Amino acid sequence: MTRCDVLVVGGTHGNEINGAWLVDQWRDQHDLLDAAGLSLALEIGNPEARTANRRYVDRDLNRCFTADLLNQGGQEQELQRARQLLAWHGPDGATPCRVALDLHSTTAAMGSCLVVYGRRPADLALAARVQGALGLPIYLHEADAAQTGFLVEQWPCGLVIEVGPVPQGVLDALVVRQTRIALETCCQELAAARAGTGRDPHNLVVHRHLGSVDLPRDQRDCAAAMVHPQLQGQDWRPLMDGAAMFELPRGGTVPLQADEGETWPLFINEAAYAEKRIAFSLTRREVWPIDPSWGQALEQLMG
């Protein structure tokens, strides 16, 4: 069995074209990407949706990777693609990969950041070391039963690289550059883990998911307010209870009443989340000490 170090996926969402464009370029010109000596498998996540310039054809591919969905025999296009990616590069696939890196973009003002799902030690080690190298903020998404089935969770280690803002379907040179830098840094840290030369930062700063907030709804179940101008574009900035959250049609304000103290909103007004009834997500900023077992798990995986 031939093994591969890293699965790199672009275009998991078909209208997020920057990561997919990079995958195309790297396939044609291998020297454009410094993989730090690692072997890569490069895949377009959802080719059919990319051709149609849509997020997905039948359902969100990045919510398809749950055991129930994968095993129930559904024939929706994205379920078939999820099974195919696992058959090719999953832990038990024809060419299994140790790590999955999923390239995404967002219409929200998230900058360049990492998304981690749950608290797997190898994930935390890689995220911490990339944060130490680049200073990227980290969104820790966990404990949300409404949002599950993410691609990278099916691999022993995996992160999402998220860059924005950029409109859907728009190729943006800065987004491409930031995505490449983050990916190359991930590869460098994985190679260092293999060599036993990886260095942990003093701590890990995460923004831990608390929950998501929908727009107010009217009797027709339609949006009855908008994200407030004072909140728009303020991703990664603290928000206190009572702060302006939504603006009503006549100019009134709906304040935040989360009873959570200081929270940090993310993915504010992300276009793709309107169908999921998410105007933004609330997080809490936390600083964690580095657990040596994280790095040990990553080194064992890459050894």
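Residue 1 is the first one shown; counting continues down the chain.
Just so you know, glycine gets a Cβ as well, placed from its N, Cα and C.
What you are looking at is a predicted structure, and each value in this text was computed from that prediction instead of being measured.
Sequence annotations record features per position, and here Swiss-Prot assigns Zn(2+) binding site to HIS13, GLU16, HIS104. In the three-state DSSP classification, GLU16 (Zn(2+) binding site) falls within coil. GLU16 (Zn(2+) binding site) has a Cβ environment of 30 other Cβ atoms inside 10 Å.
Residues annotated as substrate binding site in Swiss-Prot: ARG55, ASN62, ARG63, GLU162, TYR273. Sequence-distant neighbours of ARG55 (substrate binding site): residues of the same chain at least 6 apart with a C-beta under 8 Å from its C-beta are HIS13, GLY14, ASN15, GLU16, ALA49, GLN168, ALA272.
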* Structure fact -> For ARG55 (substrate binding site), the three-state DSSP class is coil
* Tell me, in order along the sequence, which binding-site residues from ARG63, GLU162, TYR273 have their CA within 10 Å of HIS104 (Zn(2+) binding site). => GLU162
* Structure fact -> Per DSSP (three-state), HIS104 (Zn(2+) binding site) is strand
* **For the binding-site residues ARG63, HIS104, the one whose C-beta sees the most other C-beta atoms within 10 angstroms** => HIS104
* Other CB atoms, at most 10 A from the CB of TYR273 (substrate binding site) -> 20
